[in-house]
Amino acid sequence: MKGGSMEKIKPILAIISLQFGYAGMYIITMVSFKHGMDHWVLATYRHVVATVVMAPFALMFERKIRPKMTLAIFWRLLALGILEPLMDQNLYYIGLKNTSASYTSAFTNALPAVTFILALIFRLETVNFRKVHSVAKVVGTVITVGGAMIMTLYKGPAIEIVKAAHNSFHGGSSSTPTGQHWVLGTIAIMGSISTWAAFFILQSYTLKVYPAELSLVTLICGIGTILNAIASLIMVRDPSAWKIGMDSGTLAAVYSGVVCSGIAYYIQSIVIKQRGPVFTTSFSPMCMIITAFLGALVLAEKIHLGSIIGAVFIVLGLYSVVWGKSKDEVNPLDEKIVAKSQELPITNVVKQTNGHDVSGAPTNGVVTST
């Protein structure tokens with residue numbers, strides 16, 4: 001009994017731990033930007049670290065189950081590398097640099113709704129307006145998009161949750177982003193969420209033909225390293241930007257590479273297999289709350305009223321989508337039970353035909369069932 005309960009708790013603890021991990025990434029990355037870290041270089045180093053860390057595990061544990069590489073699989077891997085390590089990460093970093101850590105983490109709660117819209121476009125999701133849960137998915141998506149629009153168009157007065165001490169974390173360029181930069185950052189975050197959602201959809205297809213999760217993560221990060229290195233050589237002209245040392249930039253690269261591009265990818269794929277994508281996304285608002293507190297405490301960020309109102313709408317919309325989606329998904333065990341119950345009248349009730357069952361064995365006039 002205790003073992004069964006522990007198995008149910010493990011996915012919950014894993015996803016909650018990831019929310020703390022993501023919140024830490026928001027803060028550490030923002031600190032590195034304030035100290036002059038270039039986001040193209042950071043994305044490159046991040047995926048170098050992730051590749052180096054994950055490759056040994058892929059080689060050790062998936063040597064016998066790793067599928068053969070084909071051209072079709074390679075093109076999918078290349079597309080995954082473009083969508084997440086290159087486009088999503090750099091758009092996200094641009095958004096983070098031009099807004100704030102708490103704002104960015106709040107906006108990413110729109111991810112499930114964007115994924116739902118893309119799933120409708122690609123016919124991976126259906127809507128039946130006669131069903132309450134289908135209507136809830138549509139209404140939740142509209143509410144989430146509305147919350148995102150509020151955060152974009154209405155900034156409102158600043159609200160200081162925690163009075164932060166002025167320590168070394170606040171060094172560097174700590175000025176509040178201007179309105180123009182805020183809009184640019186918001187557009188970048190929207191692009192980041194869209195490419196991230198597309199990444200999840202393509203990843204679900206890829207896992208069906210390439211089910212070795214560790215190897216998949218390693219290959220995606222490896223391709224992401226190459227793509228980001230090429231982009232960095234084009235976009236970054238200052239050689240000193242590549243210098244690394246014992247500073248916040250190195251910490252951001254190592255932390256985000258290990259926790260958010262390596263471990264997180266793997267844990268999410270495992271939890272999605274066990275409990276489904278709805279369960280995985282339902283904990284994302286926790287990251288927003290943790291980041292808002294840490295951002296106020298560590299970075300002296302002020303949360304604006306528009307961000308709070310928009311975040312409330314996003315969370316309400318998110319849970320409406322999550323609830324509706326959960327009604328679409330049937331637990332595999334439940335499916336087996338339903339299937340078995342449907343088979344009982346046909347397969348388990350033995351027909352009597354002159355004292356013989358369907359197979360021809362004598363029944364002695366007795367009807368049996370299993």
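Please read every residue number as a count from 1 along the shown chain.
Positions of Cβ are set from backbone N, Cα and C atoms, glycine also.
As recorded in Swiss-Prot:
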- 23-143: domain 'EamA 1' (DOMAIN)
- 195-322: domain 'EamA 2' (DOMAIN)
- 11-31: transmembrane segment (TRANSMEM)
- 41-61: transmembrane segment (TRANSMEM)
- 67-87: transmembrane segment (TRANSMEM)
- 102-122: transmembrane segment (TRANSMEM)
- 142-162: transmembrane segment (TRANSMEM)
- 182-202: transmembrane segment (TRANSMEM)
- 216-236: transmembrane segment (TRANSMEM)
- 252-272: transmembrane segment (TRANSMEM)
- 278-298: transmembrane segment (TRANSMEM)
- 303-323: transmembrane segment (TRANSMEM)
Legend entry - Chain residues outside the transmembrane segment (67-87) and at least six past its termini with a C-beta under 8 angstroms from it: 43, 47, 191-192, 195-196, 198-199, 202-203, 205-206, 209-212, 216, 219-221, 223-228, 231, 261
Legend entry - Spatial neighbours of the transmembrane segment (142-162) far in sequence, C-beta under 8 Å, 6+ residues away: 103, 106-107, 109-110, 112-113, 179, 182-183, 186, 190, 292-293, 296-297, 302-318, 320-321
Inset, instruction - With a Cβ cut-off under 8 Å, give me the same-chain residues at least six positions beyond the ends of the transmembrane segment (41-61) that come close to it. - result: 29, 32, 85-86, 89-90, 93, 212, 214-215, 217-218, 221-222, 224-225, 228-229, 232, 236, 241-242, 244, 249-250, 252-254, 256-258, 260-262, 266
Legend entry - Overall pLDDT for the domain 'EamA 1' (23-143), taken as the rounded mean: 88
Legend entry - For the domain 'EamA 1' (23-143), residues assigned helix / strand / coil by DSSP: 96 helix, 0 strand, 25 coil
Legend entry - Secondary structure composition of the domain 'EamA 2' (195-322) [DSSP: H/G/I, E/B, coil]: 108 helix, 2 strand, 18 coil
